[in-house]
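Asker: Copied straight from Swiss-Prot:
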type	residues	note
CARBOHYD	Asn162	N-linked glycosylation site
TOPO_DOM	1-7	topological domain 'Extracellular'
TOPO_DOM	29-43	topological domain 'Cytoplasmic'
TOPO_DOM	65-88	topological domain 'Extracellular'
TOPO_DOM	110-128	topological domain 'Cytoplasmic'
TOPO_DOM	150-182	topological domain 'Extracellular'
TOPO_DOM	204-232	topological domain 'Cytoplasmic'
TOPO_DOM	254-262	topological domain 'Extracellular'
TOPO_DOM	284-305	topological domain 'Cytoplasmic'
TRANSMEM	8-28	transmembrane segment
TRANSMEM	44-64	transmembrane segment
TRANSMEM	89-109	transmembrane segment
TRANSMEM	129-149	transmembrane segment
TRANSMEM	183-203	transmembrane segment
TRANSMEM	233-253	transmembrane segment
TRANSMEM	263-283	transmembrane segment
Amino acid sequence: MGSNVYGILTMVMIAEFVFGNMSNGFIVLINCIDWVRKGTLSSIGWILLFLAISRMVLIWEMLITWIKYMKYSFSFVTGTELRGIMFTWVISNHFSLWLATILSIFYLLKIASFSKPVFLYLKWREKKVLLIVLLGNLIFLMLNILQINKHIEHWMYQYERNITWSSRVSDFAGFSNLVLLEMIVFSVTPFTVALVSFILLIFSLWKHLQKMHLNSRGERDPSTKAHVNALRIMVSFLLLYATYFISFFLSLIPMAHKTRLGLMFSITVGLFYPSSHSFILILGHSNLRQASLWVMTYLKCGQKH
């Protein structure tokens, strides 16, 4: 039974890995082509480019972590190796979440229509707002790295003191739980900001539909379509990131009980977010959608010939 579950999870993980690299790689390729051709990118182009890169790094890091843990275990890694693994995960996870949050703020400022002076002030200074959020989140990143480094220093000290394999594994399980809890704490702020942006955009859509109803105009005007498209992308991000968030909690159980199958399941759940959301971004962005349709048409023509 265990071997069958292991085989199924392995196939799902490989599919997520391939699909995630293809969708994120496609976003990187199209935006790089636009960058070379035009000499610059729009705000959303830069956000999508670095978001896709951070997700590709995150996907590769999760896969490498799984392989290393399943084959060698982390009980005998050096401090340098452990820092490399942990810092890569922290940085890629941080930008994967914060850039998606910045994308939510971008949609809110670009599409929502509020008459409040504060919102209008932020809307007129959209690029500055996005830049401030981007620079501000670096403070969270530095704090996160410092905290993780403290945990690594403490674990390495315990590692050198404990000679037996069982005590080292037990220490690493405790260390892993501390790191996961740290990641959960630092993920709350950007997730909350994205959720608030989503709620405000829903409220903006509701007000817009009321206005359309009073003016006896159709509900499928360009503004309504823009609202719905942005909401579709944002709700998919929130739901998929919720699964990624849950995977953190799921990881606490196998780490505490040292079950490799449980850890594999939590990583499979976690991979679903960076692998799937980029595909939704392709469908929701006109340039990316047109490029994907062109590629599909080209491939179909190639098969016929």
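A Cβ is built for glycine as well, from the same backbone N, Cα and C atoms used for every other residue.
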Asker: Among 8-28, 44-64, 89-109, 233-253, 263-283, which stretch has the highest count of C-beta pairs below 8 Å with the transmembrane segment (183-203)?
Answerer: 89-109
Asker: For the transmembrane segment (89-109), which recorded stretch in the set 44-64, 129-149, 263-283 gives the largest number of Cβ pairs separated by under 8 Å?
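Answerer: Answer, by Cβ pair count: 44-64.
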Asker: Considering only Cβ pairs within less than 8 angstroms, which of the stretches 8-28, 44-64, 129-149, 263-283 has the most against the transmembrane segment (233-253)?
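Answerer: Result: 263-283.
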Asker: Considering only the recorded stretches 44-64, 129-149, 263-283, state which has the highest number of Cβ pairs under 8 Å to the transmembrane segment (8-28).
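Answerer: Most Cβ pairs under 8 Å with the transmembrane segment (8-28) come from 263-283.
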Asker: Count up the helix, strand and coil residues in the topological domain 'Cytoplasmic' (110-128) according to DSSP, in that order.
Answerer: 13 helix, 0 strand, 6 coil
Asker: Restricting to the topological domain 'Cytoplasmic' (284-305), report the mean pLDDT as a whole number.
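Answerer: That stretch averages a pLDDT of 76.
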Asker: Excluding the flanking five residues on each side, which residues at least 6 beyond the ends of the topological domain 'Cytoplasmic' (29-43) place their CB within less than 8 Å of a CB in that stretch?
Answerer: 49, 52, 106, 126-127, 130, 287-288, 291
Asker: Go ahead and report the DSSP secondary structure tallies for the topological domain 'Cytoplasmic' (284-305): helix first, then strand, then coil.
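Answerer: Secondary-structure breakdown of the topological domain 'Cytoplasmic' (284-305): 20 helix, 0 strand, 2 coil.
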Asker: What is the number of residues in the topological domain 'Cytoplasmic' (29-43) that are helix, strand and coil, as DSSP sees it?
Answerer: 11 helix, 0 strand, 4 coil
